[in-house]
Structure formats: C-alpha cells, structure tokens
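These features come from TrEMBL:
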ACT_SITE  342  active site, proton donor
BINDING   239, 273, 274, 275, 276, 371  pyridoxal 5'-phosphate binding site
BINDING   276, 312, 316, 343, 371  substrate binding site
DOMAIN    36-279  domain 'Orn/DAP/Arg decarboxylase 2 N-terminal'
MOD_RES   60  N6-(pyridoxal phosphate)lysine
Ligand code: LLP
C-alpha cells in the first residue's frame, strides 16, 4: 500500500499533484511519501511485537537524511555498512545503541569511528576483521561488542547479484569457521561476542529461506551455549521482498508470526535489517518524454531519466511499473522506455505496454524508493536528480538538483593541471 494514486485523472503524491511538483522542480525528480514511509516502518516493526526485537533499517536502501530522521523519530535503529552511513545515521539522530555495522571490508578508521560512537555491535565477516576490531578497540581502550556473520548456505531464490547466503558468496563465515572464530573472540581481550548474524539475500519472495536460515542459526546457537557464550542478539538481516510487478512476497506479519513461533524458548533479542520492504514503495521517479520514435517495428520512448538515475533495470533486469502521470484515455502503446545515455543497456523498461504518451508528457517509474537515488551516478556528466519528500499537502526539497558546477567541483581545473604536469 502506498500513497501515489490518481485523483481527477492526475497522479498524486499524497495530496499533491505530481505535475505541480515537476512544474516547480523539473525532471528527473524523485518523489517520496512520508506517510507511506511511516506506515511501512510501523507495519514491519509491529509484526514482531510479541518478542524483544530491534528493527535496524538498512541505510543503503535510501540514505537521504529525511528518511533517516523520520525513521529515527519512529524509534528505528539502523544497519550501516560504511563510515559514511554511520555519519548519516548519527547526523539524523539515530540512537547509536541501535546501530549495527555490517559489511565485509571495514577499514581501521571506520572501526574507530564506530567505537567512538559506541554502536550496539559489529557484524563481523572474517577472522582478520575480528582481529582488527580487537586491535583497534585495544588501542582506544574499549571493548567492541561483536556478532559473527554466519553464512548458512541457504538458497534465497533471488537474483544472483543479491544472493548473499550461499557458500560461494563473499559474505560471512561458514559454520565451521564461525565456531573457531567465536572461540577466538572469547580469548581476545577487546571484543565481546554478544550476537549471531546472517543475511541471506535481498528481494526474497518466500518465507522458507528465512526459516531455513533461522533453523541453522538455532542449531549453531546450541553449540555456542555449550561453549559458554551468552548470545543476546540474533540478527536475521533484511531481505523481505516487495511487489514490483506480480510478485507476492509474504506480508511482514507472516514473517513475524513464523519467526516468533520458531524463536519460542530462546532468550534472545531479534534484530532485523529491512531496507527495501520499508523504502521501496515510498518513492517514484518522474521523467519527461523528450522524443518518441519508431525504428522499423520497434517504438522507443526517450525520456530524460537514465541508467545513471535508476540503474536497477540495466543492472539486474529489474521491473519497475511505468505509468503516465496524466491518466490515459484508454489508448495504449508498446515501447521501450529509454534514457539519453549512449549505451543500449540504458533503459527503464523494455517492450512495455502503457497509456499512449507523446513528447512533453510525464511518466513515473514506481517502487523507486529503495536502491534508486542511492545508486545514481553522474555518468555521461548528468547532474543527479532532485529529491522531494511529501506529507499530506506539504512538501520539502530534501536534496537539491545538482548543477553543472557540481560535476566539476572536486576536480582540478584542467588548464592548471596541464601547466603543473609540464613543470
Ligand atoms: N542487511 C545486509 C547485511 C544487507 O547486505 C542488505 C542488503 C540488507 C540488510 C537490506 O536488504 P533488503 O531488506 O533491502 O533486501 N541494489 C540491490 C539490492 C542490494 C541489497 C544489498 N544488501 C537492488 O537494487 O535490488
């Protein structure tokens, strides 16, 4: 359920006509709904109301400060994967005691920053990382709370690029290696193992992989108890899918019920790291039709948003619903919706049927709230889009449109550079 609906033939973001926002801010334009965001967070978090739990929103899905501030106010924690995400989370007022730090490549300085912020725990992905965290913590006279990320070797049945819990993936430790790593953690003076962690993949549309992973974690938990390790946190990661097209993923409530049942009798706080299920359907990307053309029997709608703005279709072959901002009169067309970038891989949709559009019309790509703007780039020297947050009939520009100067702001001036190289 989201708040992008047609009223009087015009697509609205909550109570504001999308076309009015475009009139003010131009295209391409990301528009988010604060009401949808709050609703998705609450629906997710309350699904686990029966047990001790902490919802750590996965910042990578959409890291705009407005998102993080809204979620922090709702009481969410965050799952971060870089010093930059820690900076954003703290800037947005997220309680450090609700921050977990995942990722395979944490650098020394990032570990220091997280220790100084006193985050809840590090999800550790290798023995070397564990040793580094111990050293860094020792250097600043702290004890780092850690959990080890276990790779349970479960098939999440999703796109291979976002499968993370199979043994051929780079993430986490096998159960055998994790056991040794827990023993090592026990012997190291500056780390305290307090949790177990796994994240098996993204855009999961079935319950069974979650349950299979939890079974393996529970079995492993038994072994840790025997080793005298007290596990306080069981982090099951994120990954719950959303409906882009015709997928029918389980509702968070179903996941909640199943996990609560399976965790009965286990004295742990459940941590979840949802990203997409909270952010995905909170946003749309609006774009203006520049040209239409037909080559032989193939029709193209050329729009001003491209793979640099929304890379998911090009990168994963992902489906995003495309709709006209002005409701059609029933006449339809079938076309590829493509951007201006000089690659055939630059498309938002292929062979898609939608209400007929013409030059100057506006189109919206739905479900663009997660992994949309955050994955954008300046490829082809295209300034990044603006972002707007709407609530009811109010809106705020939450990120300005980049201008040409932003494209070169961090670069050495060309002539000066050539002059110095010659000397
Ligand atoms: N926790 C960890 C450790 C993760 O690596 C991820 C996502 C999440 C949580 C959140 O997963 P979610 O609930 O959003 O599925 N760019 C891709 C998705 C990459 C996901 C990476 N990790 C896409 O556009 O589909």
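The count begins at 1 with the first shown residue.
Using the three backbone atoms N, Cα and C, a Cβ is placed for every residue, glycine included.
Everything TrEMBL records as a feature, shown here on the structure.
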{"residue": "60", "record": "N6-(pyridoxal phosphate)lysine", "Cβ neighbours (10 Å)": "24"}
{"residue": "273", "record": "pyridoxal 5'-phosphate binding site", "Cβ neighbours (10 Å)": "26"}
{"residue": "274", "record": "pyridoxal 5'-phosphate binding site", "Cβ neighbours (10 Å)": "26"}
{"residue": "275", "record": "pyridoxal 5'-phosphate binding site", "Cβ neighbours (10 Å)": "23"}
{"residue": "276", "record": "pyridoxal 5'-phosphate binding site", "Cβ neighbours (10 Å)": "26"}
{"residue": "312", "record": "substrate binding site", "Cβ neighbours (10 Å)": "20"}
{"residue": "316", "record": "substrate binding site", "Cβ neighbours (10 Å)": "16"}
{"residue": "342", "record": "active site, proton donor", "Cβ neighbours (10 Å)": "9"}
{"residue": "343", "record": "substrate binding site", "Cβ neighbours (10 Å)": "13"}
{"residue": "371", "record": "pyridoxal 5'-phosphate binding site", "Cβ neighbours (10 Å)": "24"}
Query - Cα-Cα distance, maximum over 239, 273, 274, 275, 276, 371, record's pyridoxal 5'-phosphate binders, Å - result: 15
Report task. Using C-alpha atoms only, work out the spacing between residue 274 (pyridoxal 5'-phosphate binding site) and residue 342 (active site, proton donor) and round it to an integer in Å. Result -> 35
Query raised in the report: Which residues, same chain and not among 239, 273, 274, 275, 276, 371, have a CB within 8 angstroms of the centroid of the CB atoms at the recorded pyridoxal 5'-phosphate site?
Result: 58, 60, 61, 202, 238, 240, 277, 278, 279, 370
Report task. Starting from the residue listed as 'active site, proton donor', work out which of the recorded positions listed here (60, 273, 276, 316) have their Cα within 10 Å, and give them in sequence order. Result -> none
Query - Mean of the pLDDT scores, which run from 0 to 100, over the domain 'Orn/DAP/Arg decarboxylase 2 N-terminal' (36-279) - result: 95
Query raised in the report: Near residue 275 (pyridoxal 5'-phosphate binding site), meaning Cα within 10 Å, which of 60, 312, 343 (recorded positions)?
Result: 60
**Report entry** Cβ atoms near residue 239 (pyridoxal 5'-phosphate binding site) (within 10 Å, other residues, all chains)
**Finding:** 30
Requested in this report: Grab the substrate binding residues from the record (276, 312, 316, 343, 371) and give me their largest CA-CA distance in Å.
Outcome: 28
Query raised in the report: Can you tell me the three-state DSSP label for residue 312 (substrate binding site)?
Result: helix
Query raised in the report: Listed binding-site residues are 239, 312, 316, 343, 371; which of them have CA atoms within 10 A of the CA of residue 60 (N6-(pyridoxal phosphate)lysine)?
Result: 371
Query raised in the report: What is the separation, in Å, between the Cα atoms of residue 276 (pyridoxal 5'-phosphate binding site) and residue 316 (substrate binding site)?
Result: 15
